[in-house]
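Take a look at the structure set out below.
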Amino acid sequence: MGPKTLPQLAGKWQVLCMLSLCCWGWVSGQLRYSVVEESEPGTLVGNVAQDLGLKMTDLLSRRLQLGSEENGRYFSLSLMSGALAVNQKIDRESLCGASTSCLLPVQVVTEHPLELIRVEVEILDLNDNSPSFATPEREMRISESAASGARFPLDSAQDPDVGTNTVSFYTLSPNSHFSLNVKTLKDGKPFPELVLEQQLDREAQARHQLVLTAVDGGTPARSGTTLISVIVLDINDNAPTFQSSVLRVGIPENAPIGTLLLRLNATDPDEGTNGQLDYSFGDHTSEAVRNLFGLDPSSGAIHVLGPIDFEESRFYEIHARARDQGQPAMEGHCVIQVDVGDVNDNAPEVLLASLANPVLESTPVGTVVGLFNVRDRDSGRNGEVSLDISPDLPFQIKPSENHYSLLTSQPLDREATSHYIIELLASDAGSPSLHKHLTIRLNISDVNDNAPRFNQQLYTAYILENRPPGSLLCTVAASDPDTGDNARLTYSIVGNQVQGAPASSFVYVNPEDGRIFAQRTFDYELLQMLQIVVGVRDSGSPPLHANTSLHVFVLDENDNAPAVLHPRPDWEHSAPQRLPRSAPPGSLVTKVTAVDADAGHNAWLSYSLLPQSTAPGLFLVSTHTGEVRTARALLEDDSDTQQVVVLVRDNGDPSLSSTATVLLVLEDEDPEEMPKSSDFLIHPPERSDLTLYLIVALATVSLLSLVTFTFLSAKCLQGNADGDGGGGQCCRRQDSPSPDFYKQSSPNLQVSSDGTLKYMEVTLRPTDSQSHCYRTCFSPASDGSDFTFLRPLSVQQPTALALEPDAIRSRSNTLRERSQQAPPNTDWRFSQAQRPGTSGSQNGDDTGTWPNNQFDTEMLQAMILASASEAADGSSTLGGGAGTMGLSARYGPQFTLQHVPDYRQNVYIPGSNATLTNAAGKRDGKAPAGGNGNKKKSGKKEKK
């Protein structure tokens, strides 16, 4: 077994020709092997991989395989070794019949590249059949008048084997009357004849028994026998004869049933019954022939009985005989050879040998994606087949020997066309031509060549504040024209930050469907808008991605009630405001100031009086500004204390509200005698006699207290030397500082606006270690003004004395928020006659050393004048009115700042970085003295 090579050429071209022929055989796929029939399954036929020159390491990648299931019926091909082996026992006789050559075509397909190799396996005959006769016994009638040398044809033995394994010769049992003669027919088969060697004598022996043996040429030889009984008849010495022993006739396939093939004509010179002939098929006529043809015994006409198919058999052989009616009857024989003519009655067939399905859309142009075989069972021009492909497809057909290749002719795009319906048309060259269609569906597999794309470049979402976490904001959607994993999208939040925190801590996106949820509860007052970057990524390899922007707008909700800035919410602990009974209608009493942290309509504030007020008809409140004014003139029977309750309501839905309570004390002072803020700031106060008396008294007492002041001064100096500048509670005179000191100072003026100006404090905080604190006190009941030079402030201990802008210092030397500011000292009021000046009328023991430096005094008055004149200006934007010195809050209802400084009643000088403090300690809360001008000095308790 093994591949057969072509004849070798001589000379120096021998090697070159052999290599060329081998290469041609591999390219065209021609290999030939042989195997003996009836070989056991697993018998090696040949190694295809070795004969093709394939390496063992390439077998797995080349995927060596049989081309069709029909080949796999008889043979198997090992993918690991490339060995072609017998799959089941092969019976040559049932496969090829009496044909001398039995070839089985086998198709082998390899991949990478895709190739088709044609292999022919010759099935070698095995002497596995013995010769056999049609019948085990035959009776022959021979007339006694038969002459010596007469020949009588015997039945030939049939042996399905071929070649040397078929019938080789015959032998006859020994007999004195008969001998055996063997002739060779045209097809090479031996034909036995019984020869009469001597005259028969019926009276001597009426019956002769002969044994005919047929022996084949196999090794070992096989044989078969039949018993011949010769009956000697009376004379009928002429046998029928045909005009020719072999007759040849042709008939087209598909001839209609009943078609006359030919009419036999035999002659017998005898007369009577010995010359009357009957026709019949000979014993060697096969059953298949008997089914296709019929013989009329009387006329000898042969007609078609069944379908004649050229593809089934191209040749038929009919054995006919003519028998007379003599006694004994004699017969003659002839052979009719029938040639079947081809008709184009078979459409061509397209057989799919291999198909790469699906095909990657990235497959290069010219790649083989399928192999096809075509065949037509007709012959000649009727069997010539051409294969065409449907137009307008990115594929083409390339013919090769015995097969066609399907190649790509254009680039493929799955997103444009996911599959192709390919129709292959096979046509033969017959007339008329026959066609056969083969339709295949070729799928195009996806490659990740498309990035996902969001449906919108910008998404906008709105959410009300205070919504619980998990609230749905919106849904982002992206699409990917790819399929499978290449189109499976995953959404995520790209790592940007919002207010210094990761964006993922604010929102969460469902990675599968793109729904975006809130991660937390949003507060409009803290955050109005988020800018989020949402990304999407497919699951291809490598993955592709895209981004989009999401703007989340937080909508305001009316969740903040108005906050009252003035008057203070803790009105029960606040000092009441003074209102003279002589105030005319429309006089400004106070101004209620409130803010709302919400926005828009939710922050629009309106003011109204509540019935809880003591005298609701006495006062009016402006709906939009919050100004409280007298509605009528004050009467004598009006209560001395009035409580005005103002309702502050926002414009939200539902509306929220707060209340402000203003305490008023009605006084009998003449408004003409009430001091105005501009009076004591612009005109220097006139010294009354009472003030002069006080100065003289203080000068007298000062000598007695000199020792005490000296001791206190030494103690203060010692405290400054120890670095505790803020711990001493003494006041001393300070030399005039340099001009640079005031350039570096940050003055802070605090004015109380609860009806009348009661006290002012100025704090200078230079960058050096010393600070100065001045305070002036005015009382409506006194004719003088008290000015106290409190103490120097040291900044060496910031934890004790350095005050931040948002805090004030209490008497207990602790810091507190401005919202906790203590009420002003009610004793610090001034009378009509009292005016501030460059020197006070208070006792030096109570107020400390008064600044006598002209520069210090002028600077202090300038700062007081600048602040007080703005507060007293009736046309100021802050508002103004009698009795209030025109002071009002800086923020009205129209402002919606989120963090409004809770300055309460304080007014600040721009540029100051500190809050005015009462460094001297707790204010004196006692009521002022009577009209005799005597009042309790605040400086006394400050020096305890």
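Here the Cβ of each residue, glycine as well, is placed from N, Cα and C on the backbone.
Cross-referencing N443, N913 with Swiss-Prot, the residue annotated as N-linked glycosylation site turns out to be N443. For the domain 'Cadherin 4' (351-454), the model gives a mean pLDDT of 89. Per-class residue totals from DSSP over the domain 'Cadherin 2' (134-242), listed helix then strand then coil: 3 helix, 54 strand, 52 coil.
Helix, strand and coil counts from DSSP across the domain 'Cadherin 4' (351-454) read 4 helix, 55 strand, 45 coil.
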